[in-house]
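Input: a single structure, listed below in structure tokens.
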Amino acid sequence: MDFQGSIPTYIYDIDYSMSAPCQKVNVKQIAAQLLPPLYSLVFIFGFVGNMMVFLILISCKKLKSMTDIYLFNLAISDLLFLLTLPFWAHYAANEWVFGNIMCKLFTGIYHIGYFGGIFFIILLTIDRYLAIVHAVFAIKARTVNFGVITSVVTWVVAVFVSLPEIIFMRSQKEGSHYTCSPHFLHIQYRFWKHFQTLKMVILSLILPLLVMVICYSGILNTLFRCRNEKKRHRAVRLIFAIMIVYFLFWTPYNIVLLLTTFQEYFGLNNCSSSNRLDQAMQVTETLGMTHCCLNPVIYAFVGEKFRNYLSVFFRKHIVKRFCKHCSIFQQVNPDRVSSVYTRSTGEQEVSTGL
């Protein structure tokens, strides 16, 4: 498959898009050995972390704020994305054996989860901006109802931008094996290939970073007027960590994606360069996937409020079930945890929202 998009990239034996057929047996062999264990690790760690966020929000926090709504939907997006990885891992090691319907279904789930995760990260960034920079306005604007409405709209947008991948993906026999790959009419191939790549780069890198720069610049300006220097320094460090982590995890993939799609314009449309780009795609794509493992840490567990709920959940559901005589760990007062953090000022958002 010589089309490069956000679907996990599997390279087959020959690339016919070159002027002369390009043998890619070695690239496929490396993918078969490298990708399944990496995808498995991403699936395990990402599933555990996001499932913990999901369960805590349902059982402890009860989705009482707009932030909770967005965190809940971010966890769902990451879980949808992650649930497809075992199938892509099998595909990387073998061939596509799940049929055409499942090819389209898993492609759709993968992309909807992928774009949904990006969009909810953007909404969380805007939510923090409103809470800290426009604290008085945020009291009226940041409601559960508004969070639900914007979440529904976000899912609709995520489905819409995923439609081209769902429509064009098809399972068919190519040579001696079955593939799950996009199939365009020959006259449309170049247009859709460029369109998909530019859509990916704009939605997954340029737009999120633009929103982060604008919102976090406003937040930093407000934080520098905060009287509590300790909270200010902690919040500033977290802001830079969020931006740097997102940039480091997704920029390499998007750069390689651009180079691969427009390789003829960079003088890279030869077999050796194509093979190196394919190998780089495998590494950078997996690196980008691991970002969903960090979302629970960056957007949930880093907050003091959420860590208290995690402690309550652990004691109530884990310790109580597996250590019935450990009474010291079961002395939990959930009401106290929820009542400690009821203030809604800008400074409180600095300490708990960030």
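The backbone N, Cα and C atoms fix where each Cβ goes, glycine too.
If you check Swiss-Prot, you get these features:
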type: DISULFID; residues: Cys22-Cys271; note: disulfide bond
type: DISULFID; residues: Cys103-Cys180; note: disulfide bond
type: CARBOHYD; residues: Ser6; note: O-linked glycosylation site
type: LIPID; residues: Cys323; note: S-palmitoyl cysteine
type: LIPID; residues: Cys326; note: S-palmitoyl cysteine
type: MOD_RES; residues: Tyr10; note: sulfotyrosine
type: MOD_RES; residues: Tyr16; note: sulfotyrosine
type: MOD_RES; residues: Ser338; note: phosphoserine
type: MOD_RES; residues: Ser339; note: phosphoserine
type: MOD_RES; residues: Ser344; note: phosphoserine
type: MOD_RES; residues: Ser351; note: phosphoserine
type: TOPO_DOM; residues: 1-32; note: topological domain 'Extracellular'
type: TOPO_DOM; residues: 61-70; note: topological domain 'Cytoplasmic'
type: TOPO_DOM; residues: 92-104; note: topological domain 'Extracellular'
type: TOPO_DOM; residues: 127-143; note: topological domain 'Cytoplasmic'
type: TOPO_DOM; residues: 169-200; note: topological domain 'Extracellular'
type: TOPO_DOM; residues: 221-237; note: topological domain 'Cytoplasmic'
type: TOPO_DOM; residues: 263-279; note: topological domain 'Extracellular'
type: TOPO_DOM; residues: 304-354; note: topological domain 'Cytoplasmic'
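Everything Swiss-Prot records as a feature, shown here on the structure.
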| residue | record | DSSP (3 states) |
| --- | --- | --- |
| Cys103 | disulfide bond | helix |
| Cys180 | disulfide bond | strand |
| Cys271 | disulfide bond | helix |
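Cα spacing between Cys180 (disulfide bond) and Cys271 (disulfide bond): 23 Å, rounded to the nearest whole number. If you take the Cα of Cys271 (disulfide bond) and the Cα of Cys103 (disulfide bond), they are about 28 angstrom apart, rounded to a whole number. Ranking the disulfide-bonded residues Cys180, Cys271 by other CB atoms within 10 A of the CB puts Cys271 at the bottom. Same-chain residues lying 6 or more positions outside the topological domain 'Extracellular' (92-104) and placing a CB less than 8 Å from one of its CB atoms are 8, 10, 31-32, 35-36, 39, 166, 169-172, 177-180. For Cys103 (disulfide bond), applying a Cβ distance below 8 Å and a minimum sequence separation of six or more within one chain yields Trp96, Met169, Arg170, Ser171, Cys180. Across the topological domain 'Extracellular' (169-200), the DSSP tally of helix, strand and coil residues reads 15 helix, 12 strand, 5 coil.
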